[in-house]
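For Cys161-Cys175, Cys225-Cys226, the entry in Swiss-Prot reads disulfide bond, with the evidence type similarity to another entry. Annotation source Swiss-Prot lists phosphoserine at Ser424, Ser538, Ser541. Here Swiss-Prot flags 382-479, 497-559 as region 'Disordered'. The feature topological domain 'Cytoplasmic' is assigned by Swiss-Prot to 331-600, with sequence analysis given as support.
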Amino acid sequence: MELGGPGAPRLLPPLLLLLGTGLLRASSHVETRAHAEERLLKKLFSGYNKWSRPVANISDVVLVRFGLSIAQLIDVDEKNQMMTTNVWVKQEWHDYKLRWDPADYENVTSIRIPSELIWRPDIVLYNNADGDFAVTHLTKAHLFHDGRVQWTPPAIYKSSCSIDVTFFPFDQQNCTMKFGSWTYDKAKIDLVNMHSRVDQLDFWESGEWVIVDAVGTYNTRKYECCAEIYPDITYAFVIRRLPLFYTINLIIPCLLISCLTVLVFYLPSECGEKITLCISVLLSLTVFLLLITEIIPSTSLVIPLIGEYLLFTMIFVTLSIVITVFVLNVHHRSPRTHTMPTWVRRVFLDIVPRLLLMKRPSVVKDNCRRLIESMHKMASAPRFWPEPEGEPPATSGTQSLHPPSPSFCIPLDVPAEPGPSCKSPSDQLPAQQPLEAEKASPHASPGPCRPPHGTQAPGLAKARSLSVQHMSSPGEAVEGGIRCRSRSIQYCVPRDDATSEAGGQAAGALASRNTHSAELPPPDRPSPCKCTCKKEPSSVSPSATVKARSTKAPPRHLPLSPALTRAVEGVQYIADHLKAEDTDFSVKEDWKYVAMVIDRIFLWMFIIVCLLGTVGLFLPPWLAGMI
């Protein structure tokens with residue numbers, strides 16, 4: 001059937017009637033309920049006095065059940081010693097003037113009423129540090145038909161708390177919140193603990209603190225101002241700091257700075273960066289202290305453990321600078337500025353290195369020492385062998401009975417002229433004239449070239465000889481030519497290559513000061529002297545030779561030329577200078593080794609002290625059960 005057809009007017013009145021009936025019933029029910037609460041409020045507060053205690057008799061005591069629920073631990077201020085919390089204060093009491101029969105008010109068993117309209121106990125926070133002792137936000141109270149009143153206002157309290165930062169950041173604090181009536185004594189209002197512990201069901205976890213325990217206790221106290229006894233309920237909060245933030249940003253950097261201080265003593269003194277490293281560590285620690293002054297609790301009641309550790313680290317770094325300066329002073333000492341005492345040599349070169357398991361490196365200048373010794377022997381050994389006057393050269397009895405005969409050189413192609421001379425090999429040394437040879441050795445017969453007395457000096461590998469030829473005396477001249485007599489000067493070369501090179505340079509310097517031509521030819525190279533040599537027949541019997549050897553005559557050296565004498569003196573000076581430098585070098589090395597031993601001593605000392613300081617930082621909180 002279409003809407004608006006002939007049957008539409010017949011159905012519309014019944015629908016409207018049903019809708020109107022439903023609306024009337026609902027409105028009547030709401031009106032009845034609102035009318036019941038309104039009548040109840042008028043009945044309860046007609047003649048109600050909120051200033052009087054809700055007791056029938058004046059001697060009755062109002063029992064207030066008290067409880068606390070914590071919502072958030074906002075902050076713990078170590079500097080101002082305050083704890084800020086967000087709590088719900090639970091209070092419950094009975095008011096006999098606020099009772100009714102639910103049957104008279106359409107089964108209304110409870111209503112919410114403004115708390116300003118009823119009597120409230122004046123319970124405040126005794127140890128408040130902010131000024132708001134009482135609850136500032138007055139919420140509505142829940143009123144029941146039997147006169148029971150429940151009131152749970154929220155509040156943010158700043159309570160005083162004695163902060164102990166001895167083990168900071170591994171500390172644990174005990175803070176209290178004391179609640180009680182400010183006006184009424186125990187005879188008027190008595191408190192009953194609603195729960196033995198603080199309700200933490202709605203607690204919002206903190207990122208810095210964790211509540212270990214929170215217990216409420218009932219106490220009574222008589223104050224000096226009044227004769228009455230006042231009850232209170234004190235809640236003790238045991239809170240522990242979460243140390244992760246401070247461990248990463250405070251403790252670990254301090255430990256690393258201490259380790260850098262230890263490494264100062266492991267750094268060699270030769271690098272010259274020990275003082276730089278010490279100053280850098282000290283500056284970094286100073287900047288670090290400026291940054292953490294806001295983190296460490298600024299209280300003078302007790303020094304925090306981390307503050308003691310930072311002070312220890314500062315002293316640690318300062319001492320390292322002082323010790324490093326002393327070590328560098330010892331390292332750069334020399335024989336020209338300081339004399340090493342015997343006890344220093346005994347303690348720091350013998351005793352302490354053995355205790356520290358230190359092994360001194362081997363001597364560095366062995367080659368130079370061998371070179372100096374060889375040059376000393378070259379300068380002090382006789383270049384010509386001594387000969388007794390009027391006798392053949394004497395030898396020891398252990399040698400052969402037939403000494404080598406001297407060799408005489410007769411020039412073949414040199415014509416006999418007045419005052420001729422025989423050249424030396426490679427023209428390095430001028431030959432002596434006959435008169436000089438006669439004056440030098442008028443009666444002695446030339447002896448063979450022999451090695452120096454005794455065994456060969458250590459460090460010498462082989463001997464080389466420098467042959468010097470001079471004319472024989474006129475009485476020794478033979479027919480058909482001029483007889484020459486040769487004598488050789490031996491010099492030795494060290495074994496090592498470096499020493500051989502230095503020895504060769506010294507020998508070359510000697511030769512260059514006495515010659516005007518090239519170097520000497522090698523020993524195996526044939527001599528350019530155009531003389532033929534033959535052995536002089538021995539005119540002395542073997543028995544006479546043995547007898548001559550048994551007699552001792554004072555040795556006599558052949559005179560050297562002035563140039564050769566100056567060369568020998570130069571070699572002697574060079575050898576003495578090198579010996580003095582070697583002695584200075586040895587003393588300097590001793591001082592450097594003493595500095596290294598002192599460094600090693602303080603390295604182990606600082607490692608031990610650093611470990612003890614670290615253990616001292618963590619051990620007390622661990623023993624106290626805070627870690």
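Note: Cβ is positioned from N, Cα and C throughout, glycine not excepted.
Cys175 (disulfide bond) sits 26 Å from Cys225 (disulfide bond), counting Cα to Cα. Cys226 (disulfide bond) sits 26 Å from Cys161 (disulfide bond), counting Cα to Cα. Cβ packing within 10 Å was compared across the disulfide-bonded residues Cys161, Cys175, Cys225, Cys226, and the lowest neighbour count falls to Cys225. Calculated from their C-alpha atoms, the gap between Cys225 (disulfide bond) and Cys161 (disulfide bond) amounts to 24 Å. Look at Cys175 (disulfide bond): DSSP puts it in a strand. Mapped onto three states, the DSSP output places Cys226 (disulfide bond) in coil.
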